[in-house]
Every structure is written in structure tokens, then in C-alpha cells.
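K.L.:
Before anything else, here's the structure in question.
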Amino acid sequence: MPIVVLQSSRLLWVRLAALLFTCVAFSVVAHGGPLNRGEGDWCIFCWAFSFAVTLLVLLVELFGLQTRTPVSWTNFPITFACYASLFCLSASIMFPLYFLKGSGAYGETRDLRITATVFSCLATVAYLGEVSLSRAKPGEVAGYMATVPGLLKVCETFVASVIFVFISNPVSYEQHPALKWCMAVYCICFVLSAAIVVLCVGECTGCLPFPFARFLSAYALLAVAMYLTATIIWPVFKFDSRYHGASRRPNWCSDRSGLCDWDKLVAIAVLTALNFLIYLADLAYSARLVFVST
């Protein structure tokens, strides 16, 4: 019978910590009863998905199956760890916002929700630690997703996903053609960034009929220009009274727990500006990689 040996390392310990923290987070929430909101389902998904894939990564490395997986093992673990850190971060913000602040929870239920929030924050730190340990060091040969531009691609797709959630509930881009352009910017850039992530994780970049590094620089430049327009257009058409926008938070928003519709419009504006800065950083790093390679 073969003996399986799992070598101790800092990377192993942070993965085990993330496994434990996510398990505790969704377990105590499940013990506390139903949450009765879509936001609760999202938080539980973030913790359960992160737990399941972390367990899968540990099992693959435990049995030495890296070469038999259908994905690039130099790219997949760090890509997942980056997504998991963002998932747990979003759950750490969303869960107390909707289920602790003004929720009316008390007693054991409130204690369990506080516990879930704490362990969600700990899981976020653990996954960030894994990303820090796994990312490429200066002069080290590693997969693209372990480099700064690769990690920025993960952030770009995640931020766009959050924008989609806010912009579709309620639908807030159909009032003017300029807002539809903003939606087109989010969709086009998301699809291209997600395609790059899939190509790198699936080791399919060599099949492309053009130089991959130059394509990344050209795409980053295009995305910066497109997001710059959205960063300007969205707040103008949503908060300027000349376009029937509301520059101040309505009074009725204060009576609700979580985010009201006006808060979501502000969140979209902030996230659009954030993604613009991420794409700008991506452009700088991608251009540098092209310059070094030539």
C-alpha cells in the first residue's frame, strides 16, 4: 500500500488555515438557520466554494497528481487563491452589512453571525497569504497568472462581476445610450480578461496566431481607454440633475438595511474607477514585460 507524505511548508499551512476558516464560516451560518436573502446565499457560496476547491488542491498535491490535471498547475492554484481571497473579502463585507447591521438578530444567532464574519476575515487573510507565497519573485520563472499582470486580470474580472450584480438589480443602464455604452465596456472587458485567464490556466496561449505578450499590451491599452470613458460617463448621467440624476442619498435609504438603489449606483461608480486604475496598472506592467522580452 503506497505511503503518502505531505511535506510541511508555509504554503501548506496557509492552505490548511484557509480550509479551516472557510469550513467554520459556512458551518456556523448553516447552524444559525436560514438567512432568507440572496446575499446570504452568495456568502455561503463564497465560503463553500473556497473550501471545496482548497480541499481539491490539497488532495491533488497530497497524491502528486499535478501532471495529470487538465489545467496548468503553475497557474491554477494561485488563480484560485486570488479569486478565493476576493470571494471571502466580499463575503466579509456583505455578510455583516446585511445580517448584522439593523437585522434584528440577537442571542445565539447574532453570536454565530459574528463568528462567521470573523472567520471569513481570517480566511481572506489566509488566501492573501497564499497569493503572496505563490506569486512570482523577481527573476523567477513562473506561470503568467503568478505575475502581477496575471493577478490583476483576476481582480479585473471580479470587480466587473460585482458591477454586473449591482447594475442588474435593479437594471440601471437603460435610461440613456451613454449608460448602455458603460454596460458594453464592462461586458467587453470582462469577456476578454476572463478569456485570458482561461487561456493561461488551460495552457492554450501557444495556440494563438499572434504574440501573446503584444496582445496583452494592446488589450490593456484598449481597456484603459474604454474604462476611462465609463468612469466619466456613469457619474455624469447618474448623479447630475440635468440628466434626472440624484446627487444626494434619499432619506428613505436610511430606513433600510444593506444597500439601497442609490448606494448601488455609487458603488458602480467607485468600482468603475477602481477597475480603471487596475487596468492602468495592468497596462504599465504588460508594457514593461514586452519591453523586457524585446
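Keep in mind that glycine also has a Cβ here, set from the backbone N, Cα and C atoms.
Annotations per TrEMBL:
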DOMAIN    6-139  domain 'MARVEL'
DOMAIN    144-291  domain 'MARVEL'
TRANSMEM  12-30  transmembrane segment
TRANSMEM  42-64  transmembrane segment
TRANSMEM  76-100  transmembrane segment
TRANSMEM  112-129  transmembrane segment
TRANSMEM  141-166  transmembrane segment
TRANSMEM  178-199  transmembrane segment
TRANSMEM  219-239  transmembrane segment
TRANSMEM  265-285  transmembrane segment
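Could you tell me the structural context for the features on the list?
P.N.:
Sequence-remote contacts of a segment are chain residues at least 6 beyond its ends whose Cβ falls under 8 Å from one of its Cβ atoms, and for the transmembrane segment (12-30) they are 6, 40, 43-44, 47-48, 50-51, 54-55, 57-58, 84, 88, 91, 95, 112-113, 115-116, 119-120, 122-123, 126-127, 129-130, 133.
Same-chain residues lying 6+ beyond the ends of the transmembrane segment (178-199) with a Cβ under 8 Å from its Cβ atoms: 79, 145, 150, 153-154, 156-157, 160-161, 163-164, 167, 172, 205, 208, 216, 219, 223, 226-227, 229-230, 233-234, 236-238, 272, 275, 279.
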K.L.:
Go ahead and report the DSSP secondary structure tallies for the domain 'MARVEL' (144-291): helix first, then strand, then coil.
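P.N.:
Counts, helix then strand then coil: 119 helix, 1 strand, 28 coil.
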K.L.:
So what's near the transmembrane segment (141-166) in sequence-distant terms, Cβ-Cβ under 8 Å and 6+ beyond its ends?
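P.N.:
For the transmembrane segment (141-166), the nonlocal Cβ contacts are 72, 74-76, 78-79, 82-83, 86, 90, 131, 134-135, 172, 186, 189-190, 193-194, 196-197, 200-201, 205, 216, 220, 223, 259, 264-265, 267-268, 271-272, 274-275, 278-279, 281-282, 285-286, 289.
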K.L.:
Based on DSSP, tally up the residues of the domain 'MARVEL' (6-139) by helix, strand and coil.
P.N.:
101 helix, 0 strand, 33 coil
